[in-house]
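J.: One structure follows; several queries about it will come next.
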Amino acid sequence: FRLKGCLGPKVYTEVPDGGWGWIVAVAFFLVEVFTYGVIKSFGIFLKDLMTDFEESNSRVSWIISICVFVMTFTAPLSSVLSNRFGFQPVVIFGGFLISLGTIFTAFTSSINQMYLTIGIVAGLGYCLTFLPTVTILSQYFSKRRSVVTAMASTGESFAIFAFAPAFTALKYHIGWRYTLVVIGTLQGIIIICGALLRPIVIKPKTSQTGIEQITNSPPIDQLRNSVNSGNLDVLSPDKLEHGLESVGEQQGEVEPLQVPPKQKDISMQAKNKLLDLTVLKEGSFLCYSAFGLFATLGFFAPQLYVVELSASMGTERDKAAYMLSTMAIAEIFGRLSIGWVLSLGRVRKIFVLLGCVSLMCLALVLFTVVHGFWGLVVCCVLYGFLLGNIASTHIPMLAEDDVIGIERMPLAVGVYVCIQSFAGLAGPPLGGVLVDITQNYSSAFFSCAGGMGLGAVFLALVRPAKTGRLCMRRDNGRNTPVVQQESKDMPGDFQEVEIHKNTGIKS
């Protein structure tokens, strides 16, 4: 699947921090609108489905649970297909599945059929559209990555705020089935967004004599990983060597660049990778994945139970419904503000995320101690603001060097989201069980606060795991890092490295 011309690759000498990346940002905004925005607005159809199909609330709720689980659990498949065929065809196919699944749902005759159309077909389509879009957006930006990603991710919040009243009014005039047909048709816009995801190619600068300036160019691995695999051949060590040999023959003064055979093999192996499971051996990635797993437990309860919690405190249901709108508005400001804060670069981004997660834990506890309408409004504002901070940064944070880096992000993001999927599937039932046992909706918020607290602990361990401070042993009264070297992939000149300078021990 190789496109040329207006939809072909964009070639730059360095990360542009703009350029075609602004078009990709708009595409990501629209993808957010018609994926997460539609999923979180699907609740307006629950009452109609329960009435028409004579089903229970729990049976109907499984439609979205299955959809979210399929969307996150199949994330590695999204990474494999993106690295094999490129971002454009994967997102285009995903948009087709979303539109097809939503339209077919309008013609179903049972809830079990909706499990297939919305849960599996559309759920798989959601997976194939969101992750490739956010990954390629991260490649187009460096210094502005945080603020641009945060701005583009507000599409979800705007959609929640606008779709609920719009779809409700449309449903009143034409019925829920034809409303789903309209939604599925609008989701076809994702196909156009997928065509706009032009792959980015970073090539080194060349001098007037035609000799590539290797010292001022990004490393080979960065060049290779800046392109979505399968769309374009990038400069490999073999091509660099061949090119310099031809220049040397013409000028007679330049020696060819010699690339060791082992380095060639490693480069080719990395180029042919479709999914990077080696990140599971890195302590920083494991800690960050544990953070994502436990923190996801805190992403569901407020939206599901805040209305019932407010009603149990004596608030009228009409007013209680405004809690969700309050969260959505606060989430928009949270997404925009965190992008601005991270763009300043004064504090490490992972520390900013840690602060937001810790405050989120406190906000969830606060839900259980406040009383009255305005107390819950304050909690909803705090929760929505902090949720916007975390939701817009936790996936792009994988591109930071404190976790795995931008070079390995396209291969590892699927593994990270797949690990999160288990908490997304177990979270709602866990909250429901606690509510049934205690007959108190605030108990669900306690479980979410506990999960968010555990997530904060593992997030605090990410940077120590990356720097090696978690692997310390005491030697003669001193803390000495234990260094594990893989000499099989290293040149012979570097295999003898002094590990403990004070003791004189060599490997």
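Any Cβ shown, glycine's included, is placed from N, Cα and C.
Curation plays no part in TrEMBL annotations; they are all automatic predictions.
Feature table excerpt (TrEMBL):
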DOMAIN    21-467  domain 'Major facilitator superfamily (MFS) profile'
TRANSMEM  20-39  transmembrane segment
TRANSMEM  59-78  transmembrane segment
TRANSMEM  90-108  transmembrane segment
TRANSMEM  114-137  transmembrane segment
TRANSMEM  149-170  transmembrane segment
TRANSMEM  176-197  transmembrane segment
TRANSMEM  285-305  transmembrane segment
TRANSMEM  320-338  transmembrane segment
TRANSMEM  350-367  transmembrane segment
TRANSMEM  373-392  transmembrane segment
TRANSMEM  413-435  transmembrane segment
TRANSMEM  441-462  transmembrane segment
J.: Please figure out which one of 90-108, 320-338, 413-435, 441-462 racks up the most CB pairs under 8 Å against the transmembrane segment (285-305).
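T.: If we count Cβ pairs closer than 8 Å to the transmembrane segment (285-305), 441-462 scores highest.
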J.: Considering only Cβ pairs within less than 8 angstroms, which of the stretches 20-39, 114-137, 373-392, 413-435 has the most against the transmembrane segment (59-78)?
T.: 114-137
J.: What mean pLDDT does the predicted model reach across the domain 'Major facilitator superfamily (MFS) profile' (21-467)?
T.: 79
J.: Would you mind listing the long-range same-chain contacts of the transmembrane segment (149-170), meaning Cβ under 8 Å and 6+ residues beyond its ends?
T.: 25-26, 28-38, 40-41, 44, 134, 137-138, 141, 179, 182-183, 324-325, 328-329, 331-332, 335-336, 338-340, 342, 388, 391-393, 396
J.: Would you say the transmembrane segment (350-367) and the transmembrane segment (20-39) are in contact under the rule of three or more C-beta pairs closer than 8 Å, pairs 6 or more apart in sequence?
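T.: Not in contact, no.
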J.: In terms of Cβ proximity under 8 Å, which residues at least six beyond the ends of the transmembrane segment (320-338) contact it?
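T.: Distant Cβ neighbours of the transmembrane segment (320-338) are 146, 150-151, 153-154, 157-158, 160-161, 164, 302-303, 306-307, 310-311, 352, 356, 376-377, 380-389, 391-393.
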J.: I need to check the long-range neighbours of the transmembrane segment (350-367): which residues 6 or more away from its ends have a CB within less than 8 Å of a CB in the stretch?
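T.: Residues 291, 295, 298, 301-302, 306, 309, 338, 341-342, 376, 379, 382-383, 386-387, 389-390, 393-394, 397, 400, 402-403, 442, 445-446, 448-449, 452-453, 455-456, 459-460, 462-463 contact the transmembrane segment (350-367) from elsewhere in the chain.
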J.: Quickly jot the same-chain residues contacting the transmembrane segment (441-462) by Cβ under 8 Å, restricted to those at least six beyond its ends, or write none.
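T.: Counting only partners 6 or more residues beyond its ends, the transmembrane segment (441-462) has Cβ contacts under 8 Å with 284, 287-288, 290-302, 304-305, 308-309, 312, 350, 353-354, 357-358, 360-361, 364-365, 367-368, 402-403, 423, 427, 430-432, 434-435, 470.
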J.: Could you give the residue numbers and ranges of same-chain residues that sit at least 6 residues beyond the transmembrane segment (90-108) on either side and whose C-beta is under 8 angstroms from one of its C-beta atoms?
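T.: Cβ under 8 Å, 6 or more out: 31, 34-35, 38, 78, 81-82, 114, 117-118, 120-129, 132-133, 177-178, 180-181, 183-185, 187-191, 193-195, 197.
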